[in-house]
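Heads up: the structure comes next, in structure tokens.
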Amino acid sequence: SSLLLMSGVVVTVGLCRRLARRRLYSRPLLFAFLVEMFSTFQICACTNELSLLGNVEPKPHTALTLTYGFTVLHGLTLAGSACNPCGTLQPMWGGGTSLSMGGLKIAAQFVAAVLARVFMHFIWSLEMTEPHLGALSQGCSSPMQTTETQAFCIELLFSVVFQLAVLRAESVNPKYRVHLIALLITMLVYAGGNLTGAIFNPALAFSLHADCFYDKFLSYTLVYWIAPCLGKFLILYVF
């Protein structure tokens, strides 16, 4: 049922992106906002569902296999979308995207993060599958299982590794690049998922753990917003 749900989200987002291209291509600002919102919604909604499948046996093989598979699927279906505020900073820094367009895309990403969380909470409230039972009663299921300093360093390091890999993979054939990036993300999740969640995406972090941001805003902002963005700026400054 979870796989059908996530597949349905991917198909629906694909249809919405195609419709936006046909009807709104002459209105670039609205087109950019909606495409980025739809794309980020897909990633946030699917990752919210995947977060419930972490304890499915055999552990952690099932969760890691699904992470790899859906990361490849996202890469193939969401080409041209950043889906990550850190990724949007790169063209803004290099002058390839105006400040207004970059800010519009980042706003779309956080709007999508909120919409995905609301949508998934509605789906979970229906309790259609066993993983959905009790999902809404967890509150702040904190992914930070270490000190704030260590969590900050881990998310910073993962962001640097990920952004560096993305830059180095630009010359790779796209059909191979998506698998390389998916493999890297899966390895990072395996390495640090039990410590910080290995998110390195501010919008996704807010969608997954909004309750934690409400309870401990400063510490979660530092770890899940500032650290990934700082990692991105370090890569841009060096390379």
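Glycine is no exception: its Cβ is also placed from the backbone N, Cα and C atoms.
TrEMBL lists 24-43 (among others) with the feature transmembrane segment.
Under 8 Å from some Cβ of the transmembrane segment (63-83) lie the Cβ atoms of residues 6, 10, 13-14, 35-36, 39-40, 42-43, 46, 50, 53-54, 56, 105, 109, 174, 177-179, 181-183, 185-186, 189-190, 201, 203, all in the same chain and six or more residues away from its ends. Marked as transmembrane segment by TrEMBL: 63-83 (among others).
Marked as transmembrane segment by TrEMBL: 179-205 (among others).
Per TrEMBL, transmembrane segment is recorded for 217-238 (among others).
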Same-chain residue ranges lying at least 6 outside the transmembrane segment (217-238) that approach it to Cβ under 8 Å: 85-87, 89-90, 93-94, 144, 148, 151-153, 155-160, 162-164, 167, 196, 199-202, 205-206, 209
